[in-house]
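Undergrad: The structure is given below, and queries will be raised subsequently.
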Amino acid sequence: MMEPAIEPLDRVFLQLGPITIYWYGVIIGTGVLIGLWLATRESVRRGLPKETFVDLVLFAVPIAIVCARAYYVLFEWDYYSKHLAEIPKIWQGGLAIHGGLIGAVATGAVFAQVRGLPFWKLADIAAPSIILGQAIGRWGNFMNQEAHGGPVSREFLENLYLPDWIINQMYINGQYWHPTFLYESLWNLVGFCLLLWLRRVNLRRGELFLSYVIWYSLGRFWIEGMRTDSLMLAEHLRMAQVMSITLIIIALVLWMVRRAKGWARERYMD
């Protein structure tokens with residue numbers, strides 16, 4: 001039995017003459033602004049100047065976007081080498097979170113050095129904002145009908161008690177697909193709540209950020225295995241899964257070494 005015609009949600013948020021504003025950018029921008037608001041509130045509570053994270057974001061966000069796009073293009077070079085004009089078109093999607101994180105962390109490290117601020121203190125304050133921003137940002141993938149998993153039936157999606165507007169948006173090219181964007185968004189939302197709880201536990205400085213890295217990477221490894229559009233390092237070897245395992249190992253090693261060497265004496269609340 002053929003499905004009735006299902007139209008996807010309009011990707012365009014606003015059209016101003018020749019200027020097109022897409023939902024993808026609006027949603028990612030919303031995630032950044034909410035994250036900035038949360039980080040600014042917490043930074044003031046932790047005794048930092050109110051403008052600290054505003055200044056950091058002015059550098060970190062553009063660099064993170066460039067790195068996220070460069071990372072994606074690098075692993076899709078067979079395509080982009082023949083379509084160079086499409087490389088700047090980030091509104092079509094194609095921002096790799098791992099690339100963005102590398103850019104953001106590197107920027108944060110330089111920023112902390114220049115401002116004379118403790119890097120791990122900044123990282124801990126930023127961690128809940130980052131994962132909440134990721135939870136929000138995945139809905140940009142939803143609007144673009146990307147970052148989905150393998151084929152499923154409509155009945156499968158209905159059994160997840162999803163509203164029709166989500167189910168219909170997962171109908172792409174005559175087939176329903178796993179809403180992996182939603183799985184990751186929910187995973188990150190749980191991670192956000194977990195980090196807020198861990199903040200009250202008063203871990204040693206840096207360990208809240210490392211907890212974020214471990215939590216996000218565990219979820220990303222699991223969910224990436226369902227996706228159909230993964231960046232591939234080699235045949236049957238998904239780059240995001242390799243990065244997730246690598247980041248988990250690095251985070252655990254840093255956690256243990258910093259404690260063993262006495263490099264993590266200060267607490268989050270200090």
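Keep in mind that glycine also has a Cβ here, set from the backbone N, Cα and C atoms.
What Swiss-Prot lists as transmembrane segment is 19-39, 56-76, 94-114, 206-226, 237-257.
Give me the structural setting of these features: burial, nearby parts and distances.
TA: Cβ atoms under 8 Å from those of the transmembrane segment (19-39) belong to residues 9-13, 53-54, 57, 61, 90-93, 95, 125-126, 128-130, 132-137, 139-141, 143-144 of the same chain, restricted to positions at least 6 beyond its ends.
For the transmembrane segment (56-76), the residues of the chain that approach it from at least six positions outside its boundaries are 32, 36, 87-88, 90, 94-104, 106-108, 111, 122, 231-233, 239, judged by C-beta separation under 8 angstroms.
For the transmembrane segment (206-226), the list of distant contacts is 97, 120, 123-124, 126-128, 130-131, 134, 149-150, 178, 180, 183-184, 187-188, 191, 194-195, 198-199, 238, 240-241, 243-245, 247-248, 250-252, 254-255, 258, 264, 268: same-chain residues at least six beyond its ends, Cβ to Cβ under 8 Å.
Panel annotation: around the transmembrane segment (237-257), residues 75, 96, 98, 206-207, 210, 213-214, 217-218, 220-221, 224-225, 227, 230-231, 263 of the same chain, lying at least six beyond its termini, place a Cβ under 8 Å from a Cβ of the stretch.
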